[in-house]
Structure formats: structure tokens, C-alpha cells
Amino acid sequence: MDLDLEWVLKVRVNTQAVLKRAQQIQGCKVAKKQWQAAWLLKAVTCIDLTTLAGDDTPSNVHRLCMKATQPIRHDLLKIMDMHDKGITTAAVCVYPSRVADAVKSLKAANSSLPVASVATGFPAGQTPLKTRLVEVQMAVEDGATEIDIVINRTLALTGQWTALYDEIRQFREACGDAHMKTILAVGELGTFTNVYKASLVSMMAGSDFIKTSTGKESVNATYPVAIVMVRAIRDYYLRTGYKVGFKPAGGIRTAQESLVWLTLMKEELGDEWLNPHLFRLGASSLLADIERQIYHYVTGRYPAYHELPMA
């Protein structure tokens with residue numbers, strides 16, 4: 001849609017109400033026993049299994065892809081009668097220069113799992129616009145079907161909403177048919193009101209998802225910020241009829257946390273958002289803890305480190 005600047009400028013966020021709601025969500029009772037196991041498997045199917053390290057190589061990207069196609073040990077799933085349900089992660093996420101490696105590995109494994117790539121000068125977004133656009137195009141050409149872009153925080157912090165909208169529109173065009181997830185880097189936006197405004201502008205500019213963080217900021221995915229972002233998603237849906245997805249990322253490491261995130265989505269946006277088309281968890285180490293908890297559910301004991309294959 002076109003930029004509705006009037007809507008953006010009149011946004012005000014009640015900080016105390018947001019913090020109170022976030023506390024309520026964290027205080028919700030989580031499922032136990034087989035119901036918890038079911039929720040954890042649901043969380044697995046929403047994970048963007050990620051490696052964004054300076055020492056990424058074709059071999060560890062290959063290992064990541066193999067883990068994404070078989071995220072939970074087959075024997076554990078068989079005992080739960082879930083071995084034939086096609087449980088995989090939602091996608092694998094890598095740097096643009098590793099996209100071709102990921103595509104090759106998944107193709108060899110006969111998997112249709114999507115490859116996501118971070119682009120646009122990740123994580124700071126401070127490279128020239130022309131460079132950022134080329135980076136998106138190259139990742140798409142190499143086979144990425146999802147692109148996680150970062151916004152230019154300078155434009156959000158200085159209130160240049162029209163300029164931010166125009167930039168994101170250009171990224172949208174560069175993505176072509178690829179899904180575009182827009183990273184707000186909430187830890188660097190200063191206020192909840194800025195987060196809400198940036199969420200709105202990103203959705204107006206054509207984002208398929210809005211994402212909390214790059215994982216490289218000092219503050220990443222927090223529940224209060226998530227409340228602000230999902231309320232923006234809900235308001236946008238009520239006004240336009242268009243559903244935008246949500247992706248918390250950065251610092252999500254435990255199975256318990258993944259249950260809180262699923263609870264937050266169910267409470268705030270409803271069951272429709274509880275699937276990988278509209279909800280993703282950006283994580284690199286979360287899957288290991290979920291598999292550990294599944295192992296405990298099946299066997300009654302926690303595994304030794306060597307008993308579960310690494311991502």
C-alpha cells in the first residue's frame with residue numbers, strides 16, 4: 001500500500017501497558033507432558049535454523065542443512081509416532097555468499113526447504129543503498145527464496161519515514177518473488193513508539209514479515225517489543241485485511257522460551273499465526289535444547305552431549 005504518513009505520525013505507545021501485558025504473557029502456564037512435546041515440535045517447524053558466523057564454510061552450511069531436514073532424531077520421532085509427519089525446520093538462514101552452498105546441499109538431499117539469506121548490509125545497514133540492492137539481487141539469483149533485510153536505523157531515529165518507506169520499497173522490488181522479512185533492529189530504535197512506527201512503515205512498503213533483531217545488537221528479541229510489533233501487525237490486518245508474519249530473533253536459546261513465544265502469538269494474534277507461513281523463530285542454538293527436552297520426554301532422562309547430532 002502507499003505510505004499513510006498520517007497514521008504513522010499519530011502513533012503513541014503506552015509503555016506501562018506494554019510491560020504489564022508482557023509480564024502476563026510470561027506468567028501464563030505452559031503445557032506439560034505430551035502437550036508440551038507437541039508444542040515443542042510445533043516450535044521446531046517454525047525455526048529458521050541459522051548460521052551467521054565469520055567462519056562459515058561449505059561444510060558447516062551442509063551440516064546445518066542436514067540438521068534442518070531431520071531436526072529431531074528419527075528414533076525419537078518414531079516412538080512418538082511423528083516420524084512420518086514431515087517435521088523439518090521452516091528454513092535455513094545464511095549469509096548471501098553461502099546461499100549457493102545451502103541450495104546445493106538441500107537439492108542433493110532432495111529437500112524443498114527454503115533458503116533464507118540476510119542482506120542489505122547486515123547487520124548495521126550502513127553500506128550504500130546501491131550495494132545493498134545488489135546484495136539482495138545476488139542472493140535471489142543464487143537461489144534464496146526468502147530475504148531478511150535490515151532497515152536503515154538512521155532514517156527511523158531521525159523520523160524520515162518517507163525515505164525509509166522508499167528504501168524498503170526498492171528492496172521489495174529487488175526481492176522479486178522472494179519473501180521479504182524486514183529486520184527492525186529494535187535494540188537500536190530507542191522507544192516503543194519508534195518500533196511501532198517502523199513496523200507500520202515496513203508493512204506498508206510490502207514486507208511479508210517483520211523481524212525483531214539481527215541478533216548482533218546488545219538488546220534483541222524481548223517480549224515487550226514483541227507485544228508492540230504484533231499489535232502493529234494486528235492493527236495493520238484489521239485495516240487492510242493483509243496478514244504479515246512475525247519473527248523474533250536473537251538470544252532465543254531454550255525450549256521454555258520457545259513455548260512463551262508460541263503462547264504470545266496464540267494470545268495476541270490467534271491460531272492462524274501459529275504456522276511457519278506467519279511465524280518464525282530465528283535461532284541457531286534453540287533446536288539443540290528442544291531436541292534435548294524431546295529426548296527427556298521420550299526416555300525419561302537427559303542425553304549426554306554426544307547423543308544428539310549438532311546443527
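Cβ atoms are placed via backbone N, Cα and C, with glycine included.
Taking the Cβ of Lys211 (active site, schiff-base intermediate with acetaldehyde) as centre and 10 Å as the limit, one finds 29 other Cβ atoms among all the protein chains shown. Annotated active site, schiff-base intermediate with acetaldehyde per TrEMBL: Lys211, in sequence order.
The Cβ of Lys247 (active site, proton donor/acceptor) has Asp48, Lys181, Phe209, Ile210, Lys211, Thr212, Phe279, Arg280, Leu281, Gly282 as same-chain neighbours under 8 Å, each 6 or more residues away in sequence. The active site, proton donor/acceptor annotation in TrEMBL covers Lys247.
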